[in-house]
Each structure stands twice: as C-alpha cells, then as structure tokens.
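The structure appears below as structure tokens.
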Amino acid sequence: MSIIHIKDQAGFDKEVLQAKNPVLVDFYADWCPPCRALGKVFEQLIQESNGWNIVKLNCDDAGVKSIAQSHSVSGIPAVFFYNQGKLDAAHSFTGFDQGKLQKAIDHATSLAK
C-alpha cells in the first residue's frame, strides 16, 4: 500500500474516516528523533503491507493541529489504528514502542485479508 501525508481535515476524512482498509495514523514532527526513527520503520514496513495504509500528519502543520487535539495527542509520535473509519484504541499507542507497533501491524494485516 502506501504512506499518505495529510495536511488538513478534508484529507483526514478521505484517507482515514472513509477508508475501507485498516489505516495506521502517525502524528509526528520533523524535529522529533523518535518520530524520525518510527518514520524509517514505516518506510520499511510499507513494502510488506498487504491491504493497509499509513497516514502521516505533521503536528507542526496548521491544518493538523485541530485533528491532533481531537485525538488528545499529548506526546509524539502517536499512532492511532483505524479500521473501516473507526478508531481502535486497543491498537493505538504513544511513543516509539516496537512491540505495540508490531501488534498493530499484525492486526492490520489480519483485518486486510
């Protein structure tokens, strides 16, 4: 699948809320070292993805701030898991946690089949 960069609510609605496939939503900032590390992992993982997408939102973009607030993002990176437009909090997490990331990816892969 692909990594999609979103800059506003309209893009979020289209790529996340209206998506039929699982989506990992990554709130990040360019200045954040753990965010950059997670971004590199996403670049590798997207090559293996089968039926799910990664949506990235830069928290420093003006159009993203309200989306981050509506998700109560208090730290970055923050990854939210959506399936068929609905948030799955059990597979969402804050920080660069390889174990939680792998669980979210495994879950996305199982749902996409």
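Each residue's number is its place along the chain shown, starting with 1.
Even glycines carry a Cβ here, placed using N, Cα and C.
Taken from TrEMBL, the feature domain 'Thioredoxin' covers 1-110. According to TrEMBL, the feature site 'Deprotonates C-terminal active site Cys' maps to D26. Marked as disulfide bond by TrEMBL: C32-C35. For C32, C35, the entry in TrEMBL reads active site, nucleophile. What TrEMBL records for P33, P34 is site 'Contributes to redox potential value'.
Here the features listed in TrEMBL are painted onto the structure.
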residue	record	Cβ neighbours (10 Å)
D26	site 'Deprotonates C-terminal active site Cys'	22
C32	disulfide bond	19
P33	site 'Contributes to redox potential value'	8
P34	site 'Contributes to redox potential value'	14
C35	disulfide bond	20
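Residues of the domain 'Thioredoxin' (1-110) grouped by DSSP class, helix first, strand second and coil last, total 47 helix, 26 strand, 37 coil.
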